[in-house]
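Single-structure report; data block below.
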Amino acid sequence: MRTLVVDHPLVAHKLTVLRDKNTPSPVFRQLTEELVTLLAYEATREVKTQPVEIETPVTKTVGTAFTKPTPLVVPILRAGLGMLEGMTKLVPTAEVGFLGMARDEETLDIITYAERLPEDLTGRQIFVLDPMLATGGTLREAIKFLFKRGASDVTCICLLAAPEGLSKLEEELSDANVKIVLASIDEKLNEKSYIVPGLGDAGDRLYGVAG
């Protein structure tokens, strides 16, 4: 497993505004989209490509194209949906699947409640979208789910991570072909397993609280 924290002034600026509790949901959504596009630029550096011959208005030349099948983007519901637009703007030809996983706030167990993915993921490059890597439980279970379907190349794009969650992932996935791309590794988890300083509940800040 590899971890990359994207060090860029635009990333730091947008993340600072996201952290601010006074940032309204519409602005939060827009900044999340913009930040994910910046992270995705780094996350896709190793995307699989092949040479392709094209003809410009002047002459024939050899360029670069994605290999087939194209990358598969998998947002983890519901907060991961807020990251999807930023990713597909950069990679519009990617296919999109969905994985519904949630943490029980009392037991901290991970519950899988929905999935829409190909049965066979062999040979697919997969990009998982999940804004907060807190305990690491959700992402760990998502990666295991994808590996069971045949995946062997998974990149996870997150806004923030806690050191505790990263350590747990490293323990269980140290030899796996997994890359974690982040805007920041924060200080710690609090007693409720929230990232500190963090930015609060990403899903609630993206979409509000329904119910």
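Any Cβ shown, glycine's included, is placed from N, Cα and C.
The 5-phospho-alpha-D-ribose 1-diphosphate binding site annotation in Swiss-Prot covers ARG78, ARG103, ASP130, PRO131, MET132, LEU133, ALA134, THR135, GLY136, GLY137, THR138, ASP201, and the record cites sequence analysis as its basis. Neighbour density for ARG78 (5-phospho-alpha-D-ribose 1-diphosphate binding site): within 10 A of its CB lie 16 other CB atoms from the protein chains shown.
Taken from Swiss-Prot, the feature uracil binding site applies to ILE195, GLY200, ASP201, ALA202, supported by sequence analysis. Counting every protein chain shown, 24 other Cβ atoms lie within 10 Å of the Cβ of ALA202 (uracil binding site). Under the three-state DSSP scheme, ALA202 (uracil binding site) falls in the helix class.
Its Cβ placed at the centre, ILE195 (uracil binding site) has 26 other Cβ atoms within 10 Å.
In three-state terms derived from DSSP, THR138 (5-phospho-alpha-D-ribose 1-diphosphate binding site) belongs to a helical segment. Considering only the binding-site residues ILE195, GLY200, ASP201, ALA202, the residue whose Cα is spatially closest to the Cα of ASP130 (5-phospho-alpha-D-ribose 1-diphosphate binding site) is ALA202.
Separation of the C-alpha atoms of ASP201 (uracil binding site) and MET132 (5-phospho-alpha-D-ribose 1-diphosphate binding site): 9 Å, rounded to the nearest whole number.
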